[in-house]
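According to TrEMBL, the features are:
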| type | residues | note |
| --- | --- | --- |
| SIGNAL | 1-20 | signal peptide |
| DOMAIN | 11-51 | domain 'DUF4124' |
| COMPBIAS | 37-51 | compositional bias 'Polar residues' |
| REGION | 37-78 | region 'Disordered' |
| COMPBIAS | 68-78 | compositional bias 'Basic and acidic residues' |
| REGION | 112-149 | region 'Disordered' |
| COMPBIAS | 123-136 | compositional bias 'Basic and acidic residues' |
Amino acid sequence: MRRIILLASFSLALSSQLMASPIYQWVDANGQSHFGAQPPQGVQATLVDTGTGNGTGKIGLPPPSDLPKLKDERDADAQKKIDAEVKQKVAKQQAELKQYCDSLRTNLAQLENNPRLNVEENGQPRRLTEPERQAKIADAQKQIKENCN
């Protein structure tokens, strides 16, 4: 049984090779190319290589008409990557700005609610005078107005 299956497979594989007939190309009196299994009498014909599957073909490559589309897809992918990076940077900057503004508002609240504030100068604590405190309040309000909508 095994021998019969092997013989049938082998004969089937060779049958396509044996049945393939040569193809000829010739040009008629009008200059038009023709193809056929038998060339006409009295006309010079050339044998056409049909490429019987020797594995040298470029299988898997897209047709040349698809190459510009592939380039456009690569460009689109690169643009998407750049857009994602920019969005990530903008989101990071917005988060940092929000944190900065929260800090400014906290400092402003401390300055407005506590008339007795101490600062450290040269390693020694000292109390802020009222004009210094008002100047710091004005500066904090200015920073908030400029940077924190």
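Glycine is no exception: its Cβ is also placed from the backbone N, Cα and C atoms.
Remember, TrEMBL labels are computer predictions, not curated facts.
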Open item on the list: What does the DSSP secondary structure composition of the compositional bias 'Basic and acidic residues' (123-136) look like, as residue counts for helix, strand and coil?
Closed with: 7 helix, 4 strand, 3 coil
Task: Remote residues contacting the region 'Disordered' (112-149) - C-beta distance under 8 A, at least 6 residues beyond either end - done: 97, 100-101, 104-105
Open item on the list: Give me the DSSP three-state residue breakdown of the compositional bias 'Polar residues' (37-51), ordered helix, strand, coil.
Closed with: 0 helix, 3 strand, 12 coil
